[in-house]
Structures are given as structure tokens and as C-alpha cells.
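Taken straight from TrEMBL:
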- 33-66: disulfide bond (DISULFID)
- 43-56: disulfide bond (DISULFID)
């Protein structure tokens, strides 16, 4: 992220859609899938895209299941 927050100043949304659950929520309550998203982000942090896809597949699948409500 740039130091000045250029995206907010220009009113464009390029990458904030990636972390919807971690954004500030209207009533200050954590979103339903926040824990799964956090695990996925923490797993992939610092690994690089290729290695993170391999090693964090389970966390990502759990997060997508929660978001899409497939295996309830």
C-alpha cells in the first residue's frame, strides 16, 4: 500500500475487494468468515504466490467454503 493512500484520494477500488471480511464492519462486529480469512492470510504471508498456493490450499478452501456456504 502506498504511503499517501492514493486509491482513496482518487476514489478507486483496486485491491480492497481481496480482504472483504477483514475490513471495518458497520457495527464493529467481526464478519462470519473473518477467522478463516485471517488464517489464510497468515499462512500465505511472506511465502510468495506460487508457494502459498501449494502450502495454504486447505486454509483457502475453508475460507471459500465459508464464503460460499457450500459445506454447512
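Note that Cβ sites are derived from N, Cα and C of the backbone, with glycine treated the same way.
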For residue 56 (disulfide bond), the number of other Cβ atoms found within 10 Å of its own Cβ: 19
Among 33, 43, 66, the one of these disulfide-bonded residues whose Cβ has the fewest neighbouring Cβ atoms within 10 Å: 43
Distance from residue 66 (disulfide bond) back to residue 56 (disulfide bond), taken between C-alpha atoms, in Å: 16
Distance, residue 43 (disulfide bond) to residue 66 (disulfide bond) (CA atoms, angstrom): 17
Inter-residue C-alpha distance, residue 43 (disulfide bond) and residue 33 (disulfide bond) (nearest angstrom): 16
